[in-house]
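Here the structure comes first, spelled out in structure tokens, and everything after it is commentary.
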Amino acid sequence: MKNTNSFPLWSLQSIRLRITLLLAAALCIEGLMRTNMNMAMVCMVNLTAITQFQQTFDAQKSEESLINSNNNTVSSNSCAKISERKRNYDGDLLWTGREQAWIFAAFYVGSLFVVLPGSYLCNWIGPTHTVQVGAIINIIGSVMTPYISREVGVIGVIITRFLMGCGQGVLTPCMNVLIAHWFPLSEKSTAVAVATTGNQLSIIFAMFVTAELCQVSLFGGWPAAFYLYSFLGVGLCFGWFLIVKDVPTCVRHITDAELAHITGFTHKRGEKRIIPMNVPWRKILSSTAVWSAALNSFCQSFVIVGTVTYLPLYYRTVLSMDLTSNGVLSALPFICQLLAKLVFAGLADKAKGNGFAPSQVTKICNLCASLGGACCFTVLIFLDCNHRIMAVFFICSAMAILSGYIPGYNTSIVCIAPKYTSSVASFCRLWGTAGSVASPYIIGMIAIKSVMSEWRTVFIIMVCVLTSTGAIFQLFGTVNEQEWAEDRSSISILNYLSPEKEADKTLKVELDKGV
């Protein structure tokens, strides 16, 4: 038996480590270009676009202050008004709330548009070139956004964000393919965990750095953020082109020991490979286990994307925060989420090692995410700018506890039909992307004036989505392999004809979904 530590991952000579770090960098830098708009929007838009209903806003604000105060006496200056902080949010664009909602949603519509084509592109031109093309699209879109915003208008920005979404939508499936090619089974979970930290890091840095750049005079403030992230994207493209290859055999300077370590645990020469020929879509689409996972994928994307997109606006208008505090505290929930992600994964593995049934652990983790998140958003319904600290605490708690979805329904996706994981994961990803599209649009349509009553409606919707999908998973969710997935009638055996051709074949190993 070969030693799985024959060539360690955590070595300066390890090409696999460089691939992992570049995948994390790709997710982080492209994530910066995606998430940047969420914070930049509060700097870009002129107050007249938000205060076009100022009289209604003031009247409703006064009425809500009386309702929320209950038996407490609220002083007239307890919450700073927007006009008193205008110099911190001095935008020059006149975009309504509805137009902003379309801009936010356009990116995720683009991602939805390439969910299925993305997998084919990875196979057609290879994952490395596919990611490179997608990154170039994002760089051009990001660097052109300030000009298009001012000279073309909302329609131009919507089209730009849609194209950027298309370019970034291929990143995740290509990342999965690269990890499948480059890592033995014993290292896949580690590779996915390290690579996907780029998602949280992008949100953390985008919120804080963009808020600070909005306050400088260089390039006019907020445009500097778009130029900076585009510059980082150019650096990513150079590093990606020089280091990342589709398969290990394409790297000239890889050591024989590392190459043997990879191929020895992914595929042996002359070995047969089992691949699905006829996917049982009727059984997949009629499976309650699949639907429970898909609906929870929708829920997770709906809540997290909605929070990422509109948290800066909520901090600005409801909690009346200055721009610096907005940037720091918008990043804080996702720092908590990053740490909680590691804690949940560790606790789940430990529980399974101590004899708990996998389905039991999965359902408990998913219950923590859905019920715990619902409780946090329920409390937020009753908190306004007089309770800033509590509001921030419960937002951070909600984002942290939603990490329970990772050892929750995400585990179910890769367990209920091992032979058809690709198809099940694609179906669930489709629903997740639909949630990413729906959330910013729905919230934008509701929070037009961004007053507390509108945000109560938003939080109530999130509570309903969390509780309903969470209940469905408790009833129908499982990690047990389904009977229809055990049917071997649609399985074909593919033989490798020669060692030379085998070296160029790509492996169809599916990965745990990275969040």
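For all residues, glycine too, the Cβ spot is worked out from N, Cα and C.
Per TrEMBL, the feature domain 'Major facilitator superfamily (MFS) profile' maps to 19-482.
Feature annotation from TrEMBL assigns transmembrane segment to 101-122 (among others).
Outside the transmembrane segment (129-148) by six or more residues, the chain places 26, 29-30, 33-34, 36-37, 118, 121-122, 156-157, 160-161, 163-164, 166-171, 174-175, 219-220, 222-223, 226-227, 229-230, 233-234, 236-237, 240-241, 244 with a CB less than 8 A from a CB of the stretch. Annotated transmembrane segment per TrEMBL: 129-148 (among others), in sequence order.
The transmembrane segment annotation in TrEMBL covers 154-180 (among others).
Per TrEMBL, the feature transmembrane segment maps to 226-244 (among others). Using a Cβ-Cβ cut-off under 8 Å and counting only residues 6 or more beyond its ends in the same chain, the transmembrane segment (226-244) has close neighbours at 15, 18-19, 22, 25-26, 29-30, 32-33, 36, 40, 128, 131-132, 135-136, 138-139, 142-143, 145-146, 178, 206, 209, 213, 219.
Within its own chain, the transmembrane segment (290-315) has Cβ neighbours under 8 Å at 35, 38-39, 41-42, 104, 108, 203, 207, 211, 284, 321, 325-327, 329-330, 333-334, 366, 369-370, 373, 395, 398-399, 402, 405, 408-409, 412-413, 416-417, 424, 427-436, 438-440, 442-444, 447, 450, 455, 458, 462, 465-466, 469-470, 472-473, 475-477, 515, counting only residues six or more beyond its boundaries. Residues or ranges marked as transmembrane segment by TrEMBL: 290-315 (among others).
Under the heading transmembrane segment, TrEMBL lists 327-344 (among others).
Residues annotated as transmembrane segment in TrEMBL: 364-383 (among others).
Below 8 angstroms of C-beta separation, residues 292-293, 296-297, 300, 303-304, 307, 311, 319, 329, 332-334, 336-337, 339-341, 343-345, 347-348, 361-363, 365-369, 372-373, 376-377, 379-380, 383, 473, 477, 515 of the same chain, each at least six residues beyond the ends of the transmembrane segment (389-409), sit close to that stretch. The annotation transmembrane segment is assigned in TrEMBL to 389-409 (among others).
Residues or ranges marked as transmembrane segment by TrEMBL: 430-452 (among others).
Annotation source TrEMBL lists transmembrane segment at 458-479 (among others). Tertiary proximity for the transmembrane segment (458-479) is limited to same-chain residues at least six positions away from its ends with a CB under 8 Å from its CB atoms, namely 288-289, 291-293, 295-296, 298-299, 302-303, 306, 310, 358-359, 362-363, 366-367, 369-371, 373-374, 377-378, 380-381, 408-409, 411-412, 415-416, 442-443, 446-447.
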Most CB pairs under 8 Å with the transmembrane segment (430-452): which of 101-122, 154-180, 327-344, 364-383? 101-122
Do any residues of this chain, six or more beyond the ends of the transmembrane segment (327-344), have a C-beta under 8 angstroms from a C-beta of it, and if so which? 39, 193, 197, 200-201, 203-205, 207-212, 307-308, 311-312, 315, 321, 365, 368, 392, 395-404, 406-407, 515
In terms of Cβ proximity under 8 Å, which residues at least six beyond the ends of the transmembrane segment (154-180) contact it? 19, 23, 26-27, 30, 33-34, 37, 95, 99, 102-104, 106-115, 118-119, 121-122, 127-128, 130-131, 133-138, 141-142, 144-145, 148, 188, 191-192, 195, 244, 246, 266, 429, 433, 506-511, 514
